[in-house]
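Enquirer: I grabbed these lines from Swiss-Prot:
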{"type": "BINDING", "residues": "Lys180, Arg195, Tyr260, Tyr350, Arg354", "note": "RNA binding site"}
{"type": "COMPBIAS", "residues": "509-523", "note": "compositional bias 'Polar residues'"}
{"type": "COMPBIAS", "residues": "524-538", "note": "compositional bias 'Basic and acidic residues'"}
{"type": "REGION", "residues": "1-404", "note": "region 'Ncore'"}
{"type": "REGION", "residues": "405-551", "note": "region 'Ntail'"}
{"type": "REGION", "residues": "509-551", "note": "region 'Disordered'"}
Amino acid sequence: MSSVLAAYEQFLQTTEDRSFGDQQFVQSDTLKAEIPVFVLNTNDPQQRFTLMNFCLRLAVSSSAKSAIKQGALLSLLSLQATSMQNHLMIAARAPDAALRIIEVDAIDPQDYTLTINPRSGWDDIKIRAYRALSRDLPISLADRTVFVSRDAEHAVCDDMDTYLNRIFSVLIQIWIMVCKCMTAYDQPTGSEERRLAKYKQQGRMLEKYQLQTDARKIIQLVIRESMVIRQFLVQEMLTADKVGAYTNRYYAMVGDIAKYIANVGMSAFFLTLKFGLGNRWKPLALAAFSGELVKLKSFMSLYRRLGDRSRYLALLESPELMEFAPANYPLLFSYAMGVGSVQDPLIRNYQFGRNFLNTSYFQYGVETAMKHQGTVDPKLALELGITDEDRVDIMQSVEKHISGKAGDDISQPAGAFTMSLSRSAFINNNTSQDFSGARLSNYEQGWSGTNQDETRDVYPESTMHRLQNIEPTDSDHNELLMPELESDSNPFNRPRFTVRAPLIPEISHQNPTTRMNRNINTRDNTRADHQDTNEDRGSNVPDDILGDLDN
């Protein structure tokens, strides 16, 4: 039997094996769209700044085609390089790339008229057409500019330091839009604004050159549609990762943003490893988990074999990304999400409610995490020299801080699959009575926790006996406030607000039928009093007001 299990494990690992770069398999070339990219032959800061604005306008233009927008973005991503043409050769190596280099000798800052080098073969018609494209901005952009600040586009740029601050401010925003371009590009999560605020605080981004929200969204869609741009960006991130700590300003920025982009689309896999395997709890020995544990082992081996590009499978649209989908290990995924919902409050932001989520194993993960809140790892405790007394003290301290919390505390399971915890109720409802045909008042519903259709009549015990002890001879009994609830050793039985008593304390001794009759009589008496008052004031009050009172 052991040989069969070993063969099964080897079989699963073999199914995940991939052989890359086999020379006997040559892919056929496909048709490619020509992508025009602009290369400036000068390092003048004003000319580069003007070309930056021109490329931004082309990238968000309403009438520009997709290939023109992609070429504008590639030119924009190369404006920080000393030699733009050499930097663009990184993108030229992409299988779908068909770049056409357009050499620009000069560009007019006023109307973005290009002066093209004769080697590029452009005529005046194309120059006028591209100038018209740069003017055709979406109507959603305010002030006919891509920037939030109206005067940012036409500011003077007469030194290199000013230009670098501006181009890096724009490039940071483009890289931020890469983070969610392939996963949740249409879901506003707030992470984009937080990252913008971070780089503003660090001084890497000038607020004056912040792009408008609609402009950033258009740029994000261009990146999402272009495999050439995404392959170029992946190569830039790999370069930033390999150069080390001593690097230039641009690659330091790319390396920082790459931390947000790495392993995008693989959150389920890494969260399962973190909360399912990382804790090393005993439920992993369940027989139901054995097959999925072997699968996870083969997936980890596949991830290592993919090398550096394994972190960017979503950007590269790699088919290996499907191997790491949580549907391949649903039980371990459900258990890990239950554990994570207790241990990490950030799991609330992760949409783990899939159709293959097993609610039983999710609840089991929640129970396991709750039970292990104060436990100590025996191996680490032995390393640290923790005694039995220290272990008990640690467990009691953790339990004291966790058990005394409620609401949105970290110990509450997150998500739609919650479970009832072993805690005392806010109000003790063990003394409920059923009355047919009676409708509870709002006051009674507030204490009983029922809606208007239910017929339970429940009062807190500590208040009931106080109301019953009120003497009927007390002339001020109608103005008494409800006594405060008695102190309870259980913190969850304490009231969260002060409640006033009804104006008639004897209401607690009346059954619902008596209360209903009393309300009817009170309503009739009130109506009669209004009629008597109207008759007395009839000669002094206008007719229209009398009509309102009669109704």
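Think of each number as a place in line: the chain as shown, counted from 1.
Each residue, glycine too, has its Cβ placed from N, Cα and C.
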Enquirer: Which residue, of the binding-site residues Lys180, Arg195, Arg354, has its CB surrounded by the fewest other CB atoms within 10 A?
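Expert: Candidates: the binding-site residues Lys180, Arg195, Arg354. Fewest Cβ atoms within 10 Å: Arg354.
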Enquirer: Within the chain of Tyr350 (RNA binding site), which residues six or more apart in sequence place their C-beta under 8 angstroms from its C-beta?
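Expert: Correct list: Ser267, Leu271.
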Enquirer: Give the sequence-ordered list of residues that share a chain with Tyr260 (RNA binding site), lie 6 or more positions from it, and have CB atoms under 8 Å from its CB.
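Expert: The answer is Cys179, Arg195.
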Enquirer: Looking only at the region 'Ncore' (1-404), what is the mean pLDDT?
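Expert: For the region 'Ncore' (1-404), the model's average pLDDT rounds to 89.
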Enquirer: Whole number in angstrom, please: the longest C-alpha to C-alpha distance across Lys180, Arg195, Tyr260, Tyr350, Arg354 for RNA.
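Expert: Pairwise Cα check on Lys180, Arg195, Tyr260, Tyr350, Arg354 gives a maximum of 28 Å.
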Enquirer: Which of the three DSSP-derived classes (helix, strand, coil) applies to Tyr260 (RNA binding site)?
Expert: helix
